[in-house]
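Read through the structure below, which is laid out as structure tokens, and then see the notes.
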Amino acid sequence: MNKELQPKVIFLMGPTASGKTALALELAEKHNCEIISVDSALIYRGMDIGSAKPSADELARGPHRLIDIRDPRESYSAADFRADAIAEIELIVSMGKTPVLVGGTMMYFKALLEGLSPLPSADEAIRAEIQAEADEKGWEALHDQLREIDPVSAERIHPNDPQRLSRALEVYRISGKSMTELTQTKSAPLPYEVVQFAIAPRERKVLHDLIAQRFAIMLKQGFLEEVTELKARGDLHLDLPSMRCVGYRQCWQYLDGEFDYDTMVEKAVAATRQLAKRQLTWLRSWPELNWLESGAEGNLVTLMRQCR
């Protein structure tokens, strides 16, 4: 189908604390749009404060799809997101509305836009088997195994990166094919006309200050109490993707007595700034992107003009 005849989908991307949610809510209220969250932290139930999840009032103004869909103990892959997001997009389009995908998890946006390689789902038994081998022989020995079966991935993955190394070995043991071989085939790209926007402050210092201010507000709202409740469950740990989210790890370590309160704040803010830096690095190389300045008047008008 000709792109101009396809239904429109809006991507609203940006670093953390850049004002994406506020602009998305304006879109939902003033135009015929529905919001889909593209955020790997917002998917988790019980992780509200530290993930800057939209408030009850904000959700009443503009409901967000794909938030609170997983327990923090559960995994959620880019492939899971792509399948869920496509289903939500199809539903919104069938209602005669425009989907607005809002967030900062660039890997999810990329998977949705370009498709994914047909990699097998995680297998906990094989993953445990690989971990046991690593405990016995060391990750260097497993990296040697990877070099034999998939030299391209071995060149790309460092021996001190156990998560990616384990995944590459897991893929081979499940499928009998290397990750390099499988990634040469991708699923079909998104069958819609996608109009893409990024929002960020013009000055880096402004973003850094916003991040520090927002973390201070999170602490006043009870972020430490939220992490205390998560720890008290007894089934969560710092190796889970949910607990690796910025802020959560540092609060957890503080509660474990690894460092004092001021150090926790410093580390959490620094980690969030690093996340924002990575997000901006992705966006600077993103093709066909329309840039908006955080807090600028007329962003909504500019966005809608570009979407015509």
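From the backbone N, Cα and C atoms, a Cβ is placed for every residue, glycine too.
According to Swiss-Prot, the features are:
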- GLY14, PRO15, THR16, ALA17, SER18, GLY19, LYS20, THR21: ATP binding site (BINDING)
- THR16, ALA17, SER18, GLY19, LYS20, THR21: substrate binding site (BINDING)
- 39-42: region 'Interaction with substrate tRNA' (REGION)
- THR105: site 'Interaction with substrate tRNA' (SITE)
- ARG127: site 'Interaction with substrate tRNA' (SITE)
- 163-167: region 'Interaction with substrate tRNA' (REGION)
- 244-249: region 'Interaction with substrate tRNA' (REGION)
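Here ARG127 (site 'Interaction with substrate tRNA') is positioned 32 angstrom away from THR16 (ATP binding site), judged by their C-alpha atoms. THR105 (site 'Interaction with substrate tRNA') has none of the binding-site residues ALA17, SER18, GLY19, THR21 nearby, counting only those with a Cα within 10 angstroms of its own Cα. What surrounds the ATP site, by Cβ distance within 8 Å of the Cβ centroid and not counting GLY14, PRO15, THR16, ALA17, SER18, GLY19, LYS20, THR21, is the set GLY104, ILE199, ALA200, SER294 from the same chain.
Nonlocal intrachain contacts for the region 'Interaction with substrate tRNA' (39-42), taken as residues 6+ away from its ends with a CB within less than 8 angstroms of a stretch CB, comprise 50-51, 53, 64, 66-68, 76, 81, 103-105, 107-108, 241-242, 245. Taking the Cα atom of each, GLY14 (ATP binding site) and ARG127 (site 'Interaction with substrate tRNA') are about 33 angstrom apart. Each of the recorded positions LYS20, ARG127 was scored by the number of other CB atoms within 10 Å of its CB, and the largest score is that of LYS20. Around SER18 (ATP binding site), the C-beta neighbours below 8 angstroms that are at least 6 residues distant in the chain are GLY104, ILE199, ALA200, PRO201, LEU207, LEU210, ALA276, SER294.
Summary of the substrate site environment: with the site residues THR16, ALA17, SER18, GLY19, LYS20, THR21 set aside, the chain residues having Cβ atoms within 8 Å of the Cβ mean position are GLY14, PRO15, ALA22, ALA52, GLY104, ILE199, SER294.
When the alpha carbons of THR21 (ATP binding site) and ARG127 (site 'Interaction with substrate tRNA') are compared, the span between them is 37 angstrom. Annotation note: ALA17 (ATP binding site) sits in a coil segment as assigned by DSSP. When pLDDT is averaged over the region 'Interaction with substrate tRNA' (163-167), the result is 93.
Long-range C-beta contacts of GLY19 (ATP binding site), restricted to its own chain and to partners at least six residues apart, with a cutoff below 8 Å, comprise ILE199, SER294, GLY295. Taking H, G and I as helix, E and B as strand and the rest as coil, DSSP gives the region 'Interaction with substrate tRNA' (39-42) the counts 0 helix, 0 strand, 4 coil.
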